Structure formats: C-alpha cells, structure tokens
Amino acid sequence: MAATKTILRALAGETLDTPPIWMMRQAGRYLPEYRATRAEAGDFLSLCYNSDLAAEVTLQPIRRYGFDASILFADILLLPQALGADLWFVTGEGPRLSTVTGAADFAKLKGPSDVHEHLAPIYETVRILRRELPEETTLIGFAGAPWTVATYMIAGRGTPDQGPAHALKAEDRETFENVIDLLTDATIEYLSMQIEAGAEVVKLFDSWAGSLKGEDFRKYALEPAKTIISALKARHPDTPIITFPREAGDNYIGFAKATGADCVALDNSVSATWAAEHVQVDGCVQGNLASSHMVTGGQALVDETRAIVDAFSGGPHIFNLGHGITPDADPENVQLMIDTVRAKR
Ligand code: CP3
C-alpha cells in the first residue's frame, strides 16, 4: 500500500508542497509539561523506564504543536545499560557509565540478544504510543550508532573530543573493534524489536561521527550503519531508516547510497543550498535549522526557516533542527517555526 502519512511519503522519495516537520528532543526540558512529568517520575532514567509516563511525555509536543512525527522518549545510553554497563545521570552535568578500558571490561558485557528483558519497558512504551498517537502522526524509534555509544562506554561520560575512544582505537584496536561489533549486533536486535512493537521509522544517531576522519569514518561510522541497515531491511523491508552522521561534512555525500539509508539527517554546519546539491540528489534529507533560533526567535528565525524550506523544495525533505532543542528554548519560537514552514498550507 502506498504511504499516506506525510513523513512516510517524503521518506519514499516524494517531493511535497509543505515539508513534514518534527524536532529532535521535542519532548524535553523547554516544555513546562515535560518538567512536571519528569518531577513526578523522579529522575530522567526512571522516566525512560516508566512506559506510561514515557508515552505521556512523547505525546505532549504532539498535543501542543501537532508535529507530523513523534520520537519515542528514551535515550541512546539505555542499550549499553542493557549490555551490563552501570549508568546514571548527574544533574547539570550529564551521563556517567562504568568504563570499558580493555579486554577484561569487555568480557563482562552481555551478548546482543540478552538486552531484551532490560529493554522491555521501552518496547511497551512503543506499543502504548501506537495506540494513543493520532492517526496522522508517524512514530519514530531510534538508537545510537555504535561509534557514538562506544565513545560514552569507553570514557564513562560525554567528552568534547572523544579522546578516550580514539585512544583505545589506537592502543587496543581489538577491544575497540569488539565494542563496535557488539554494539552493531545489539543495535540490530534493539531496533528490530522497536519495529515489531510498532515503530514505523527508525533513526540512527551518530552524534560524534564528525570526529572520525578518512578511513576511520568508513570503518566505524559508515560500515556499522550499513551492517545495521542491511540487517533491518532483511527483516523489515518496509520500514524506512534515517541516519544522522552529525558533522560528517563532505562525508555526507553518498552516505545514503553507501549505507542503504532512506534519508540522511543534516546538522546545521552544512548549508542547505550545498546539501540540496550534494546530498538531496540521492533522496530524502532531514534538517537543518540551528537550534539556537529556538532561543532567539524573531525575524532571523523566520528568514532562515524559509531559506531552508526553499533550498530543499526541489526534492524530498523533512524539516527539523540541526541538533536537539535546548532547555533554554522558548516554546513560542517553536510555534513560529512550525507556522513558517506550514505557511503555504
Ligand atoms: O529526541 C527526542 O526527544 C527523543 C529522546 C532522546 C533523548 N536523548 C532524551 C533525553 C533522544 C533521541 C536522545 C538521544 C541522545 N542521548 C543522544 C544523541 C543525540 C544528541 O543529542 O546528540 C545522546 C548523545 C544522548 C546522551 C545524553 N542523554 C546526554 C549527553 C544527555 C545529557 C545532556 C542533556 O541534554 O542534559 C542526555 C539526557 C537526555 N536525553 C535528556 C533528554 C530529554 C535530558 C534529561 C533530563 O530531562 O534531565
């Protein structure tokens, strides 16, 4: 059956008069209703594993704004936790994990098929959402890409330059590649189960892809994405896949073709006119308004939103930010962005 939801039509390669729109981190701290539900849950991880409350926060931005898609509320670091890593969040600082610094740490991790019991509440959130979302809203599932998740597992926290992961790659390549391979296989299992539970699209977040250069980009960003996508396509041929090799620069060129992805999400370090010429020629793109406009608003937001819509108007496009919305964003600026994108309707 031909796709009818706008996002699925764009992902199938259709050029629409008005691009469908959703926003990374659309359920998040800039929304008062999110902050209230998070307080009720206790902390961030308790919210992720409480299926009813996780579904509730996923629905909040849909009710408020009527986005064309909703993204499952969870986190990319739940998968390493399911593999046996300790995980906690330090308020105001970010995630902390037990580290993987050599073969002995790697040996303690579980296998790719052992993750499902731990992740069962996430699959339940997906099932609730498929029942409760409006008919026209597409449900997107997601996982982190192996390299990005590995950078957190190896360092035990977020790092500005992914130094510890690059060091392990240089000093103990066998353990480093074992981590990448385990995450590749576990991600296939995790995303397959999200699709079986009702996710209609899945997205792979490679937030730190930009720190991989040359042959490293091919081996640790492109190849794992290709392996994950081909395994998912074999099991679920009708489920579109979005990849986000953030800050890949020239490596965005040809990425969809090389990996088999249906869409490449773009960060805002590349211009929309450049990306239309070099990336959108191969199919659907998503992006790429700077999230700082959600803080500053005004005419600059309107002008830049229009420029992005215009630049991508000749091909399939899903409007989004170039990265997640930040806690200091003004909810009214989100409405202004949506109104600007949909002005032609
Ligand atoms: O986009 C969505 O709304 C879906 C949910 C989602 C979250 N994190 C919720 C979240 C998704 C897709 C993610 C992805 C994620 N998580 C990434 C990749 C995308 C990116 O932003 O680069 C990464 C690197 C993480 C790891 C992570 N989670 C960090 C570094 C942090 C702390 C930084 C911060 O923003 O506070 C988180 C916490 C997190 N994940 C929050 C949310 C809404 C904030 C937690 C809170 O409520 O305190």
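Any Cβ shown, glycine's included, is placed from N, Cα and C.
TrEMBL does not curate its annotations; it predicts them automatically.
As recorded in TrEMBL, the features of this protein are as follows:
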BINDING   Arg25, Gln26, Ala27, Gly28, Arg29, Asp75, Tyr152, Ser207, His323  substrate binding site
DOMAIN    20-29  domain 'Uroporphyrinogen decarboxylase (URO-D)'
DOMAIN    140-156  domain 'Uroporphyrinogen decarboxylase (URO-D)'
SITE      Asp75  site 'Transition state stabilizer'
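Mapped onto this structure are the features recorded in TrEMBL.
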residue	record	Cβ contacts under 8 Å, 6 or more apart
Arg25	substrate binding site	Gly324, Ile325, Thr326
Ala27	substrate binding site	Tyr34, Val57, Thr58, Gln60, Pro61, Ile71, Phe73
Arg29	substrate binding site	Arg35, Arg38, Pro327
Asp75	site 'Transition state stabilizer'	Phe44, Leu45, Cys48
Tyr152	substrate binding site	Leu77, Pro80, Pro95, Leu97, Gly158
His323	substrate binding site	Met24, Arg246, Asp267, Asn268, Ser291
>> Any of the recorded positions Arg29, Asp75, Tyr152 with a C-beta atom under 6 A from ligand 1? Give them in order, or none.
In response: Arg29, Asp75
> Could you give the maximum C-alpha to C-alpha distance in Å for the residues Arg25, Gln26, Ala27, Gly28, Arg29, Asp75, Tyr152, Ser207, His323 that bind substrate per the record?
Replying inline: 23
>> Can you tell me whether DSSP puts Tyr152 (substrate binding site) in helix, strand or coil?
In response: helix
> For the domain 'Uroporphyrinogen decarboxylase (URO-D)' (20-29), DSSP counts of helix, strand and coil?
Replying inline: 0 helix, 1 strand, 9 coil
> Averaged over the whole of the domain 'Uroporphyrinogen decarboxylase (URO-D)' (20-29), what is the pLDDT?
Replying inline: 97
> What kind of secondary structure is His323 (substrate binding site) part of, going by DSSP in three states?
Replying inline: coil
